[in-house]
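Here's the structure we're looking at; comments come further down.
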Amino acid sequence: MDAAADPYLPYDGGGDTIPLQEIPKRGSNYVMSNGGGVASSSTHLLDFLEEPIPGVGTYDDFHTIDWVREKCKDRERHRKINSKKKESAWEFTKSLYDAWSGWLVVTLTGLASGALAGLIDIAADWLNDLKEGVCLSAMWFNHEQCCWTSNETTFAERDKCPQWKSWAELILGQAEGPGSYIMNYFMYIYWALSFAFLAVCLVKVFAPYACGSGIPEIKTILSGFIIRGYLGKWTLMIKTITLVLAVASGLSLGKEGPLVHVACCCGNIFSYLFPKYSKNEAKKREVLSAASAAGVSVAFGAPIGGVLFSLEEVSYYFPLKTLWRSFFAALVAAFVLRSINPFGNSRLVLFYVEYHTPWYLFELIPFILLGVFGGLWGAFFIRANIAWCRRRKSTRFGKYPVLEVILVAAITAVVAFPNPYTRQNTSELIKELFTDCGPLESSQLCQYRSQMNGSKAFTDNPNRPAGPGVYAAMWQLCLALIFKIIMTIFTFGLKVPSGLFIPSMAIGAIAGRIVGIAVEQLAYYHHDWFMFREWCEVGADCVTPGLYAMVGAAACLGGVTRMTVSLVVIVFELTGGLEYIVPLMAAVMTSKWVGDAFGREGIYEAHIRLNGYPFLDAKEEFTHITLAREVMRPRRSDPPLAELQGVINETSYNGFPVIVSKESQRLVGFALRRDITIAIENARRKQEGIMLNSRVYFTQHAPTLPADSPRPLKLRSILDMSPFTVTDHTPMEIVVDIFRKLGLRQCLVVFSLSLISNHQLLLTVSPLPLLSPLQAAAWYRHKKRHPSSHGSNGKPGSRVHYVQLICSFQGGFVNDDGEDEEEEQRLLDDCDL
C-alpha cells in the first residue's frame, strides 16, 4: 500500500524522534517533531493559549471552510462581547455596534446593488439602441426616450420620430432603399462585434472571474468553498462594465444571473468593513445569502422572489435571521432601483402586464403542454450545453476565448438582423410577447382582421380573426425560436458575463405566444367544440395569447433551472399577474417533473460538476449501500520511518489526526496542516531560541528538558480537541447527511483510525471526477500573486516536511483490560490531553 494513502501520522509515545535539523529544509517550509525528553523545565514553552496566532484558523484558496469551527468562533466572540458590555459605556457601545453591524452591511449591500443595477439597465439600453442609430437632440437618450416628446399617436410612428436618426440616414442621407438597409445591416454587425470584443478582452486581461453567470460559483462559495478574488473589487468593476457590453452586443444572454454575482461582490466588499463578518467565513456567507436575494430583487423587480431564490436555489446555510436580513436587503435594493426608474414607466420591471382577463379551465391543457415543452427544452439544453462546454475544455478551441466570442457574436448578428424579433433586445421581445393587443399597438402580432365598425373601440369586440400580419409574425417567431435555441446553447459559457434567465424566458415566451395564437384561432373558428362551447361563445373573449407567453416563459426557465416556488413568485411579481398563479404553478411543476425524468440536475448544478467544484447538493439522493470503512483512507499498521516522512512530503492533506500512541491508537484531536505551518513560522519570527532542533509538543504539560536544549514549542492551541467521528460500520447514508447538515470539512473514522474528507465523500457520491478549478479554466492563467506556500501553479503546496504528533509519557493503554482503566486515567491526567 502506498504511503501517500495515509491521511494521518500514527506515532509511538516511546522511542526516539527525529529532530528538525535532520529533516531537509525546503525554501521557507519547516518541519517539526514531538517527542520525550529528560530534564530542565517547561518554562521555556511558548504557550499560544493566551495569545491567538496570526493566520491560524484561516483558509487557503480552493479549500473548504469548517462550518462547525467557524460557528464556535462566533459563539466565543459573542460571549466575550456580552461579558464585557457592562464594564463601561465604550464596551456597551461596541456591543450595540456588533449587534447592528449585520443590518448595516445588508443595507449597504442593498443600496449598492440597486444603484449598480439601475446604471447597468440604463447603459445597456443606450448601447443596444446605438447599434441602430442615435438621438440628435440628446445623444444620451435611447430610442424610446428620444421619442418621448413626439406628438405621434401609435408606437410605429413613434419609432420613426424625427429626433431619432438611423445610421443610414446619417451616413447616406436616406432612410429607405437597399443601400440604407445594407448600411444599417453593416453598422449593426460592427457595433455588435465591437461590444463583444471589448467585453471579452476586459474579462481576459483584468478579471477572468467576471465571465459566465456566476451563480454556480456563488452556490459553491455559499456551500463553504473558498475562491479568492471571485468576489473582489476588480471582479465587481469589470463584471459591471462587461455586462453592459455583453448585453448590448446582442448575444443570446441576459443580465439577471450576473446581477446576482455583482450583488454578492458588493456584499463581500462591505463585509470587510465589519470584523464580525470579515474574520468569520460562516458569518460572511450569511451576508452573501442576503446579497443574492438583493441581486434577484433588482434583476426582476421581485423582492419576495429574490428571498425565496436565495433560500431555494443558492444558499447552503439559511438561518431565520438570514431570512429577515435577506428580505431587508431585497427591499432596500428594490427601493433604490425604483427611485432610479431605469425603464421610465415608474415600475420596477419591464414586463408588467396591463390586462387581467380571467383564464378558463380548458386552458389547463395547453398550459400543461407548455410545461412539457419547458421540461423537454431544459433537459435538452442542459445536455447540449454541458457537452459543448466539455468539448471546449478538452480541445484547442477553448484556448482562444476571444476568437470564440467574436465568432459567436458575428453569427448572432448576421442571422439576427433580418428578423425583427431576433434583432431587438431580448427583454423588449419578451415585453412585446407578454403584451396583449390594444388600440395603439402596431406590432404584426396585433394585425387582426378587425370587423368592428367605426364607432366601436378595439376592445369592445374581442373576436379577432388573424390577418396576414399575424400569420407572417407566426413564421418569424418560429424562426426566432429555432435561432434562440441554437445560439443559447453555444452562448452560455462564453468568457463574457452571460445570464440564462432572459434567453430561457424568451424561448418559452415565443413558444407560448405561438400556442396562444393557435388556441385563440381555434376558439374563434370552432367555438362550438365541446371544450370551447361553454366559455367561447361568439363575441366572448376567452383566450389571451400574452398569458400563454407568460406561462411558457416560466415553464422553460423552470425546465432549465429546476426552480419551483421561487420561480412562480418571481414571475407573478415580474408581470403583476397574481390571478394567473395557478397556470404558472401547473406549468412549472410539469416542466420540473418532465425535466427530472431525464436528469435531476439543473443547469447550475451541472456546471458545478463540470468545473469540478466540491459541492455536496442537499437535494441529491444517495443510493449507494456502503459503510464508512469502504470510503475511508485507512492507515498502515506499522509503517517504517521513511514512509511516515513521505506522508508529509508527498501528500496534500489538509490536516492529520493526532493519536496518543501506536499501541493505544486513542484519538486526541485533529491538527490542520495550514495551522501547523503558520504557528511554526510565527514562532520562529517572534520568539528567540526557536531552532530547527526544537521539540514541538501538543500537550498541556511537557516533560522537563536539559538546560542546553533549544527552546521547545507548544502548539496545543491549534489542536481541535473535539473532531467529529463515526465508527467504521456507520452507513454512508448517515455520513452523507452529517456532511450536509453540519457542513463538515472532514470526519474521522474511529476503531481503525482513519479519515473521510469532503473531497473523498464527493468522489464517492459523484459520478464525475472532481477537477481543480484552475485545471477546469486553464485559459485565464494570468499573473497573480500567491502566498509563499503556493507553488507556481497557484495551488497550496506541502510546507511541512515531517510531523510527529505524540503525547510524551512512558507506558501504554490497554483498552480491553478493565484493570488498567485507573492507570489509563492517570496517564491521561498527566498528559492533560
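Cβ atoms here come from the backbone N, Cα and C positions, even for glycine.
Feature annotation from TrEMBL assigns region 'Disordered' to 814-833.
Marked as transmembrane segment by TrEMBL: 100-120 (among others). Counting only same-chain residues 6+ beyond the ends of the transmembrane segment (100-120), those with a CB under 8 A from a CB of the stretch are 240, 243-244, 255, 259, 262-263, 266-267, 270-271, 273-274, 276-277, 286-287, 290-291, 294-295, 297-299, 321, 325-326, 328-337, 339-342.
Summarising the annotation, TrEMBL assigns transmembrane segment to 188-210 (among others). With a cut-off of 8 Å between Cβ atoms, the residues of this chain six or more beyond the transmembrane segment (188-210) that come close are 127, 130-132, 217, 227, 229-230, 232, 234-235, 237-239, 241-242, 245-246, 248-251, 401-402, 405-406, 408-410, 412-414, 417, 423, 494-497, 777, 779-780, 782.
Here TrEMBL flags 230-251 (among others) as transmembrane segment.
The transmembrane segment annotation in TrEMBL covers 258-275 (among others). Taking Cβ pairs closer than 8 Å, the transmembrane segment (258-275) reaches residues 101, 104-106, 108-109, 112-113, 116-117, 120, 213-215, 217-218, 221, 231-233, 235-236, 239-240, 243, 284, 287-288, 290-292, 294-296, 298-299, 314, 333, 497-499 in its own chain, all 6 or more past its ends.
The annotation transmembrane segment is assigned in TrEMBL to 287-311 (among others).
With a threshold of 8 Å between CB atoms, the same-chain residues lying at least 6 positions outside the transmembrane segment (360-382) that come near it are 485, 488-489, 504, 507-508, 511-512, 515-516, 519, 531-532, 535, 542-543, 548, 551-552, 554-562, 583, 586-599, 601-603, 606. Summarising the annotation, TrEMBL assigns transmembrane segment to 360-382 (among others).
According to TrEMBL, the transmembrane segment annotation covers 402-421 (among others). Remote same-chain partners of the transmembrane segment (402-421), defined as residues 6 or more beyond its termini with a Cβ less than 8 Å from a stretch Cβ, comprise 185, 188-189, 192-193, 195-197, 199-201, 204, 249-252, 392, 429, 444, 473, 476-477, 479-480, 483, 487, 490-491, 494-496, 510.
Positions annotated as transmembrane segment by TrEMBL: 473-494 (among others).
Residues annotated as transmembrane segment in TrEMBL: 506-527 (among others).
Marked as transmembrane segment by TrEMBL: 547-572 (among others).
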Inset, instruction - Go through 230-251, 473-494, 506-527, 547-572 and flag the stretch with the largest number of C-beta pairs under 8 Å relative to the transmembrane segment (287-311). - result: 547-572
